[in-house]
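First up is the structure itself, then whatever we jot down about it.
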Amino acid sequence: MQQAPVVLSTLDKLLNWGRSNSLWPLTYGLACCAIEMMATGGSRFDFDRFGTIFRASPRQSDVMIIAGTLTKKHAEFMRRLYDQMPEPKWVISMGSCANTGGMFNTYATVQGADRIIPVDIYLPGCAPRPETLQYALMVLQDKIRRSKAIKQDAPKRLV
C-alpha cells in the first residue's frame, strides 16, 4: 500500500476542513419538511454558526437538501439542478416522503430521491425536527473531513 506524501495529506485535511465548515445548501423544499428546513435558518437554531448559508442558485451550492414529496414531474428538474452544482457535492434527503415516497404510493410519486440522484444522508421522520437537520449537517461535516479531498486517480499526461 502506497502512502500519500505528507504535504498532500496535510493539504487534504486543510481542504476538507474548509469544505466542511462552509456548506452552502440549495433550498429544494417541496412540502411540509420545507417548513422545518426553513426553521433551521431562524435565530433559535441558527444554521449560520456552522458556516451554512442557504442559497437559491445551484451554482453557488454544494449541498442539496431535498425536503418533501418528489413527483415525477419534479424529478427531471431536480436532476438538472443537481447536475448544475459544482463538485464536490452532497445530498441530504429529508423526511419520509423524500426517502421512500412516504404515504404517497401513486403513479405520480417517486419512491425515494435516491432513484434520481445519489443521496449521502437520509433523515427519517414526518417531518424531521430542525435539530435532526442540524445533526445531519454535523454528520455530513464529519463525512467530508474523513474523505479524500485530492483525487489520486487523475489522468496521467503523456507528454
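Cβ from N, Cα, C; glycine included.
What Swiss-Prot says about this protein:
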- Cys32, Cys33, Cys97, Cys126: [4Fe-4S] cluster binding site (BINDING)
How many neighbouring Cβ atoms, not counting its own, are there within 10 Å of the Cβ of Cys33 ([4Fe-4S] cluster binding site)?
27
By a 10 A CB contact count over all chains shown, which of the binding-site residues listed here is most packed: Cys32, Cys97, Cys126?
Cys97
Relative to the mean position of the Cβ atoms of Cys32, Cys33, Cys97, Cys126, the recorded [4Fe-4S] cluster site, which additional same-chain residues have Cβ within 8 Å?
Ala31, Ala67, Gly68, Thr69, Met94, Gly95, Ser96, Ala98, Gly102, Gly125, Ala127, Pro128
Under a three-state reduction of DSSP output, how is Cys126 ([4Fe-4S] cluster binding site) classified: helix, strand, or coil?
coil
